[in-house]
Amino acid sequence: MVALDTGSDLFWIPCDCIECAPLSGYHGSLDRDLGIYKPAESTTSRHLPCSHELCLLGSDCTNQKQPCPYNTKYLQENTTSSGLLVEDILHLDSRESHAPVKASVIIGCGRKQSGSYLDGIAPDGLLGLGMADISVPSFLARAGLVRNSFSMCFTKDSGRIFFGDQGVSTQQSTPFVPLYGKLQTYTVNVDKSCVGHKCFESTSFQAIVDSGTSFTALPLDIYKAVAIEEATSFDYCYSASPLVMPDVPTVTLTFAGNKSFQPVNPTFLLHDEEGAVAGFCLAVVQSPEPIGIIAQNFLLGYHVVFDRENMKLGWYRSECHDLDNSTTVPLGPSQHNSPEDPLPSNEQQTSPAVTPAVAGRARASSSGPTNLHKLLANSHLLLLLTMSTVFFIS
């Protein structure tokens, strides 16, 4: 059971553990047992050699034939995942009721975790869905199994991810744009922001769309505009009677082409000692830079399409129960002859180190403003099980 994270690239799971999060605490709350992946027990597993183009630490190897190490560092204090890269087969169900699809992917055999990972934020691994060549969506598209797109739809109780899905013709969309001059993250332009009936002109900013961050971050001027009262760990909170909830202010983000996005419920409820609703907070955090994060809490109740083929973000309201109207290419054998080895021969593209991840934040980048790192490091961390999915590897 892995956390879904559009803000990072690598698919890693606990494996041959030296230091991993305990899984026992989750058994009572799940309908299945969590397991540890063991490459030695898989007949299709092989270590990725240091000479491979996707081995970023290959220069540190003494022998180019030895297994490739990886070490992912996050800005969240002392939070890392490290181990060895292996290639193995990912088994995916077909939406068209075809036989399960077998896809060759690269996996981080996470032998050692630290920081927030040991606290159980992603106890059974993390599925990076970013744009880099090493991500699972990139492997599936290069192998010709699906179109270069995927979608996610989730509510507080359930959700789904579909590889190859390009959404519906009636959905709204906005293009992905470069961040710091590089088109390597799911970044969009926000032209205008509104709270209730009040809109703030000339307040455009860029925002990373990241399913692995819990609470949305807004630039300072937008953030201050929603203030009424300061309290608790969120700055802006509102009192409520146990019998009557006040009107919750709506938040609307307007993208290029006057395409609007309105979160279904951008609030976080507060309860008293007896469990009654005592108030609510607008569940956003402050960004010290004109760059925001559209996070998990704003994406709830939407079918969100990450169309990498056309480099655009799509969205439409959905209860996530019936997704049969989406336009997809079935998971199955490609109509084209795919190479025996779907691994790319081109140079690996890595997402900028400022991209956030579910249990922390990525490595500090020398190219971006340092204040953005503070935003990513200080964002609230909360893994919802609705953002996890089950994959089989053998």
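Placed from the backbone N, Cα and C atoms, the Cβ positions cover glycine too.
Copied over from TrEMBL, here are the features:
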type	residues	note
ACT_SITE	Asp5	active site
ACT_SITE	Asp210	active site
COMPBIAS	326-337	compositional bias 'Polar residues'
COMPBIAS	359-369	compositional bias 'Low complexity'
DOMAIN	1-316	domain 'Peptidase A1'
REGION	326-369	region 'Disordered'
Within 10 Å of the Cβ of Asp5 (active site), how many other Cβ atoms can you find? Include all protein chains, please. 28
Calculate the per-residue pLDDT averaged over the domain 'Peptidase A1' (1-316) and state the result as an integer. 85
Which whole-number value in Å describes the distance between the Cα atoms of Asp210 (active site) and Asp5 (active site)? 7
Neighbour count, 10 Å Cβ-Cβ cut-off, for Asp210 (active site): what number do you get? 29
